[in-house]
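Let me begin by presenting the structure, written as structure tokens, before commenting on it.
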Amino acid sequence: MTLIALLPGDGIGPEVIAEARRVLEALDLGLVFEKAPVGGAAYRAAGHPLPPATLDLARRAEAILFGAVGDPECDRLERALRPEQAILGLRKELGLFANLRPARLFPGLEDASALKPEVAGAIDMVIVRELNGDVYFGEKGMRTTAGGLREGYDLMSYNEAEVRRIAHAGFRTAEARRGRLCSVDKANVLETSQLWRDVVIEVSAEYPDIELTHMYVDNAAMQLVRNPGQFDVIVTGNLFGDILSDQASMCAGSIGMLPSAALNAEAKGLYEPIHGSAPDIAGQGRANPCATILSAAMMLRHTLDRAEAADRIENAVTAALKAGARTPDLGGTLSTAAMGEAVLARL
Ligand code: GGG
């Protein structure tokens, strides 16, 4: 028995998770699903975005399939109770430090990309985002300056061990692909980035066959639009990776297309679409389930060692898109369920 924790979360999370579950069930892989609330849904049900029972399920399960968290009705809650704390808490509690975010343009989606077709067609990269450090987890707070002004602060910090392990994840990802790693930082301004760059260079000695380059994050944002084909693997920090992968998603057609894996040292993983809860379209059946379905494929490949089943899912998504299946974010009219069916029909 292979236990999968299903954590649908908020907004469109439950809708997209339902489609990914249907696809996994159709493959008849002997997976057993157990569901638990997370995010705003969990706050409402149990008074906390990551209740002990949800964390316990996440620990017991072999892999976690996560939808999205975020709920405007929770905006005024103290930070510790906000829905987003659930995903940050899971990443920290389970040591999920390496976030793999593949961004590629599926054939036929050139018209949906924010880029010119000839530029968009070249997008095929993995952004390796660090997940356990940076401003997300540094000391933070609100204080009053001597002049009586309110001042918020979030400490950006990385220690060398944190940088070393994500650098290794970046190099290994590049080894399995086209052998090029671009480390993105802001070393001309930030101390954390200077350390980042030094450590990445140290680690590179163990990967003589990988071509390593460095890029400032502002330049990387520009290059992603100008010439995305130059990137194979990008390794970067938590905040820069969050922003660059959303940008990359629109180059690849839609944020509804990008899956992700968050892995720890034992390759246990949490799999989720990179998009959030999209409260503006929640409950309308308009969400694109492809990112979550592709996240399920990543789960099969990276944690459950079922590469063949993962290939079947990815091929089915490719075939559905090729046949013209499109949700509204891609310029089409299919509902979330109909898009799921288009994939199911091609498994
Ligand atoms: N499925 C992604 C999701 O729910 N994102 C909401 C969020 O708050 N994410 C924080 C982050 O990725 O750093």
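The count begins at 1 with the first shown residue.
For all residues, glycine too, the Cβ spot is worked out from N, Cα and C.
The domain 'Isopropylmalate dehydrogenase-like' annotation in TrEMBL covers 3-343.
Here the Cβ of Asp218 (substrate binding site) has 13 other Cβ atoms within 10 Å, regardless of which shown protein chain they belong to. According to its DSSP assignment, Asp218 (substrate binding site) is helical. Annotation comment: TrEMBL describes Arg91, Arg101, Arg129, Asp218 as substrate binding site.
Look at TrEMBL and you will find Tyr136 (among others) tagged as site 'Important for catalysis'. Around Tyr136 (site 'Important for catalysis'), taking its Cβ as the centre, 19 other Cβ atoms fall within 10 Å, counting all chains.
Residues or ranges marked as site 'Important for catalysis' in TrEMBL: Lys186 (among others). Sequence-distant neighbours of Lys186 (site 'Important for catalysis'): residues of the same chain at least 6 apart with a C-beta under 8 Å from its C-beta are Ser193, Tyr216, Val217, Asp218, Phe240.
The secondary structure of Asp242 (Mg(2+) binding site), as reduced to three states from DSSP, is helical. Annotation source TrEMBL lists Mg(2+) binding site at Asp218, Asp242, Asp246.
According to TrEMBL, the feature NAD(+) binding site maps to Gly276, Ser277, Ala278, Pro279, Asp280, Ile281, Ala282, Gly283, Gln284, Gly285, Arg286, Ala287, Asn288. The Cβ neighbour count for Asn288 (NAD(+) binding site), using a 10 Å radius over every protein chain in view, is 29.
Among the binding-site residues listed (Arg101, Asp280, Ala282, Gln284), none has a CB atom closer than 6 Å to any atom of ligand 1. Of all the binding-site residues listed here (Arg91, Arg129, Asp242), Asp242 has the Cα closest to the Cα of Gly276 (NAD(+) binding site).
A straight line from the CA of Arg101 (substrate binding site) to the CA of Asn288 (NAD(+) binding site) spans 17 Å. Proximity to Asp242 (Mg(2+) binding site), judged by a C-alpha distance within 10 Å, picks out Arg129 from the recorded positions Arg91, Arg129, Tyr136, Ala278, Asp280, Gln284. Summarised as a single figure, the pLDDT of the domain 'Isopropylmalate dehydrogenase-like' (3-343) averages 97.
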